[in-house]
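Participant: Quick one: the structure is below, questions incoming.
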């Protein structure tokens, strides 16, 4: 076991200690990185899975009173596309009368208010969570957030079994859940940023960010799979899932390399190179690792100081990307929360789908999002142009969304194709900004080597983005009553503004490319994108 001092080793996960004692030797840094990638991937997938049930049960809480849902089994067990038939006899398992207080004329608006309450608290909590994540032990902080999130998501579902019909109960449960959900993103991005340098960070994080779509898909399938037993189970099962993953995080997630005996990286290429060079020596045994790492600054998860919000805001690029993410998440989260409802209320090929089938079909949007996140990360690495890549994707999303609205109802095949392409362009920049860009700026050269800024910067960017995530579903709740053309008009405008907000950074990147040809794998927004801006300010 590496000898790093008591204050540092307090961050050593107990599960890893047991495995290390059983094996008689430590893992290599490559193994640790794989473990970190896997655990953080599953952790944030669990966060997103626990957010998905509300979109699945919308049409159950506030159904079309003239239609009955006839599907009994979810995809992939049963049919993906199931027709909805006119009510002819007994009520089905979905209880097509709805659930008070969401079954009235203002039911759609109330559902929108529930969404905005969750996302508003999530956004406000993000700023606090980011600072706390850079101040406290990330592993314990993430664990507490996941367990508490699971409890309150489950309590929302218990409203079904307790026969609760009071609006404030559901509102409060969502608000508290939103506060605890804010612990997730700053924490997991900070952990990844601690373990991986800037080399090919865009591609690595693009692949890793598939957890968002995987979480949405798994959450949809979990919620839809138990829907026939009562809509409460659609919340309890995902809530239990995130609770269990929180326990795994506590047992096995090393928040910082030095918590398990490796030198501090802070995202620098030089330190990453040294880590690769010394890897074999570092993993021999405790004495060898201590000797090999001698002279390298080491800061444990409980010894670093955090930066203030004001300091993080002045890091070049933070504000433009934060504002861009505001509109990017407005678009992405509107799809996240309202796409299943939109599909269930739209005749595709002249036929309506059941609530469950609409939820299952909506997962294809996230399948496209997985490809988009990876593609955006790869392109931004290759071109050394994070801002240009993000802006281009946002502009491309506009015509695709318009085509989806206009032709998505022609046939199931066209709907699926356009939905996946829309997911690719909508989720691509969203994934890029919240992962690689946040990590790059959190390890910017203006941040001192013994300070924590990753979680704080991530919180500023994603917290601002989450305000847009709250606004989009709220506006959709009102605009959808006037017609879905108004909703898609709002989404197209949001995508356009998101791209325009990065104009200055795009110009800076293009100017930098003219001076120096791009080299794959050497991107660093702190050095490449923002330096021209710094020179202009001088």
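Each Cβ is built from the backbone N, Cα and C atoms, and glycine gets one as well.
TrEMBL annotations: computationally assigned, not manually curated.
Okay, these came from TrEMBL:
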- 31-49: transmembrane segment (TRANSMEM)
- 38-516: domain 'Major facilitator superfamily (MFS) profile' (DOMAIN)
- 140-162: transmembrane segment (TRANSMEM)
- 168-196: transmembrane segment (TRANSMEM)
- 208-227: transmembrane segment (TRANSMEM)
- 233-253: transmembrane segment (TRANSMEM)
- 314-339: transmembrane segment (TRANSMEM)
- 359-380: transmembrane segment (TRANSMEM)
- 387-404: transmembrane segment (TRANSMEM)
- 416-441: transmembrane segment (TRANSMEM)
- 453-474: transmembrane segment (TRANSMEM)
- 486-507: transmembrane segment (TRANSMEM)
Participant: Determine which residues of the chain contact the transmembrane segment (168-196) at the Cβ level, with the cut-off under 8 Å and only residues 6 or more beyond its ends counted.
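Facilitator: Answer is 32-33, 36-37, 40, 43-44, 47, 50-51, 54, 113-115, 117-126, 128-130, 132-134, 138, 141-142, 144-146, 148-149, 152-153, 155-156, 159, 204-205, 208, 253, 255-257, 265-267, 272, 434-435, 438-439, 442-443, 452, 454-456, 458-459, 462-463, 466.
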Participant: Taking 3+ C-beta pairs under 8 angstroms (sequence gap of 6 or more) as contact, is the transmembrane segment (387-404) in contact with the transmembrane segment (486-507)?
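Facilitator: Taking Cβ pairs at least 6 residues apart, the transmembrane segment (486-507) and the transmembrane segment (387-404) are in contact, with 3 or more under 8 Å.
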Participant: What average pLDDT is reported by the model for the domain 'Major facilitator superfamily (MFS) profile' (38-516)?
Facilitator: 80
Participant: If we skip the immediate neighbours and take only residues 6+ beyond the ends of the transmembrane segment (359-380), which ones have a Cβ under 8 Å from one of its Cβ atoms?
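Facilitator: Non-local partners: 55-56, 74-75, 80-81, 202-207, 209-210, 212-214, 216-217, 220-221, 223-224, 335, 339-340, 343, 353, 386, 388-390, 393, 415-416, 419-429, 431-432, 435-436, 523.
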Participant: What same-chain residues lie close to the transmembrane segment (416-441): Cβ under 8 Å, and 6 or more beyond its ends?
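Facilitator: Non-local partners: 185, 189, 192-193, 196, 198, 201-202, 205-206, 208-209, 212-213, 267, 315, 317-318, 321, 324-325, 328-329, 331-332, 335, 339, 361-362, 364-373, 375-377, 380, 386, 389-391, 393-394, 396-397, 400-401, 403-404, 407-408, 454, 457-458, 461-462, 465, 495, 498, 523-526.
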Participant: Which sequence-distant residues neighbour the transmembrane segment (233-253)? Criterion: at least 6 residues beyond either end, Cβ under 8 Å.
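Facilitator: Same-chain contacts beyond the flanks: 13-16, 35-36, 39-40, 42-43, 46-47, 49-50, 52-53, 56-57, 139-140, 142-147, 149-154, 156-158, 160, 191, 219, 222-227.
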